[in-house]
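Just below is one structure, and these are the notes that go with it.
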């Protein structure tokens, strides 16, 4: 954990459907920089998710259990409202490509309009995770491919179970 002069709570938001090793890498790196990390698992009702919000929260809790100072909370509605509720002034966002940057840049400006003083910190993935996304993992799993190298073991097991239920 960070030993900064001022304690700081940050939020790393996402749908995490499913959480990948890339997400976990960003969480671990964020954990090294900030005192308190809240993983905000978004309900995302407009997305056709593989896992329910409750399942995604439970999987994330299992995956980050080894990290003191990291908590997991589900939320619905606007991210800025969740940040306000959590009294967090910093959002952590992962950037894989310039397309991600353009999208996140637009969101950041909107966040600042809705919650003045909110800041976004952008982290790029380590090279081995640069291509990785939840969408890719779901597609590989649905088509019978091996996902063990892309997600934590508990997540791979949960995905396998979910895919088998749908068949």
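One is the number of the first residue shown, and numbering goes on along the chain from there.
Cβ from N, Cα, C; glycine included.
These numbers come from a predicted model, not from an experiment.
The substrate binding site feature in Swiss-Prot is assigned to 15, 47, 79, 93; the stated evidence is sequence analysis. Secondary structure at residue 15 (substrate binding site), taken from DSSP and collapsed to helix, strand or coil, is coil. For residue 15 (substrate binding site), the Cβ neighbour count at a 10 Å cut-off comes to 16, with all displayed protein chains included.
Marked as ATP binding site by Swiss-Prot: 15, 16, 23, 94, 95, 96, 104, 129, 130, 131, 132, 133, 134, 135. Around the Cβ of residue 134 (ATP binding site), 21 further Cβ atoms fall within 10 Å across all displayed protein chains.
The site 'Transition state stabilizer' annotation in Swiss-Prot covers 23. The Cβ of residue 23 (ATP binding site) lies under 8 Å from the Cβ of 14, 16, 94, 134, each of which sits 6+ residues away along the same chain. According to DSSP, residue 23 (ATP binding site) is assigned to a helical segment.
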At the level of the C-alpha atoms, what whole-angstrom distance separates residue 47 (substrate binding site) and residue 104 (ATP binding site)?
18
In the structure shown, which of the binding-site residues 47, 93 has the fewest other Cβ atoms within 10 Å?
47
Quick one: give me the count of other CB atoms within 10 A of the CB of residue 79 (substrate binding site).
20
Closest to residue 93 (substrate binding site): which of the binding-site residues 104, 130, 132, going by Cα position?
104
Around the Cβ of residue 95 (ATP binding site), how many other Cβ atoms lie within 10 Å? Please give the count over every shown protein chain.
18
